[in-house]
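Taken from TrEMBL as is:
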type: DOMAIN; residues: 1-381; note: domain 'Aminoacyl-transfer RNA synthetases class-II family profile'
type: BINDING; residues: D72, L73, T74, R99, Q115, D119, R293, Y297, Y298; note: L-histidine binding site
Amino acid sequence: PQGTRDQRPAHMALREHLFAAVVACFKRHGAAAIDTPALELRETLMGKYGESGKLIYELQEQGGELLALRYDLTVPFARYLAMNKITTMKRYHIAKVYRRDSPATSRGRYREFYQCDFDIAGHFDPMIPDAECLKIVHEILSELKLGDFLIKVNDRRVLHGVFAICGVPDSKFISTCSSVDKLDKMPWEDVRSEMVAEKGLSPEAADHIGEYVRLHGGLELIEQLLQDPKLSQNKLAKEGLGDMKLLFEYLTLFGITGKVRRCWGQEEPQAPQLRMLTGFCVPQICFDLSLARGLDYYTGVIFEAVLVQQENDHMEEPVGSVAGGGRYDGLVGMFDPKGRKVPCVGVSIGIERIFSIVERRVKASGEKVRVTETQVLVATPHKHLLAARLKLISELWDAGIKAEMLYKKDPKLLKQLQYCEDTGIPLVAIIGEQELTDGVVKLRVVTTREEVRITFYTRIQKCFHNLGMV
């Protein structure tokens, strides 16, 4: 089907490498794994995603239930917490989600794709879990070596305050957010036009919003806005800015608010998206008032990570965000019969977009990807030695060594060695008539053709252990 694809072995090898790095980070931070059904009740998903809710895959009625395919892993997690009366949890979940979107495969956008989520649920002191989520994003993107990146941070309460003082009614908050969130893809003039022509804002309100949403910076900007005569009088904005200040203090302690030192031009553009394209010195984490994120359930801190495009990048088109998340303190209460709230904050790693980048780079480099982890091929140079091969490979398997053999009674040695070269198997264990007589196995390094003779069977496991293969 359109927007889906089969994964060949080379793709799966790359995916498993990426998944392993992500899972290792999640476990390093103490998360436990859970899983939830791909199917949810339709009513569980509806009304949680704003304008994106139209992309939910609804299913025909089956057995009296109105069902839908899960749109993300966050809403099912909130439902899981409420159903099981869990008030404190740190979890990760890697699974497929489904969106009735317009596919853009070159950007890693599919209708069926994986998400990798990490969430912290529970009542804790402000901004400590939020800072850890941002630290996780920083760790994963650094470990995967995708290049320089920028993590944009904002707070929904700050946006509420900005819109309120600019004259935007509460009923238009979500729709205005969706327009502002396009500032990383569209110039301000186009965003302003959309807010006035399509969202019904007055030109004066749109211009006032523009004075704020084009601001970006760090602690100094937060301090500046805390002194803003109008914004500082708004309760929600003041709360959000106070938490944002605390968050940046914690991020500084984590050591992840430093700058990417790269300047390719003469004059620094003002918009973050332009700075990414021109390669000017940008912070790794930036307070960006244009960040809105369209999902309805966010209540506080929101963040999004994008790659800093470099001059030598030859991407057909930008890949968009590679991670995102935020705080959603009211979502669990929507599923609790008594409306009990469980504060939550989480992050989702855009593994499909990251995979698209890695796949493209591997293809450009001409690098061959090993699709198996076989450590040794058991080979024979003569006929009528199948029994010896079977006996030796069985002992290797029993010792935990990843081994293969060709499925022919009497394969030619040259063909067996060629198979090793084609598949990247590093070692070949050769057992011929002379080796049987001497009670040894000839172990050959495929690339260098160096050989060593080891005692047959009894010393095979010790030899492989010394080679670091078990």
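Placed from the backbone N, Cα and C atoms, the Cβ positions cover glycine too.
Nobody curates TrEMBL annotations by hand; they come from automatic prediction.
Counting only same-chain residues six or more apart in sequence, the Cβ atoms lying under 8 angstroms from the Cβ of D72 (L-histidine binding site) belong to Y49, V97, Q115, D117, S348. Cβ environment of R293 (L-histidine binding site): C177, D181, I302, E304, G324, G326 lie under 8 Å away, each six or more residues apart in the same chain. Put plainly, the binding-site residues T74, Q115 were compared by Cβ crowding within 10 Å, and the winner is T74. Within the same chain, residues at least 6 positions away in sequence whose Cβ sits under 8 Å from that of Y298 (L-histidine binding site) are R156, G326, R327, Y328. Largest Cα-Cα distance over the residues recorded as binding L-histidine, namely D72, L73, T74, R99, Q115, D119, R293, Y297, Y298, equals 21 Å.
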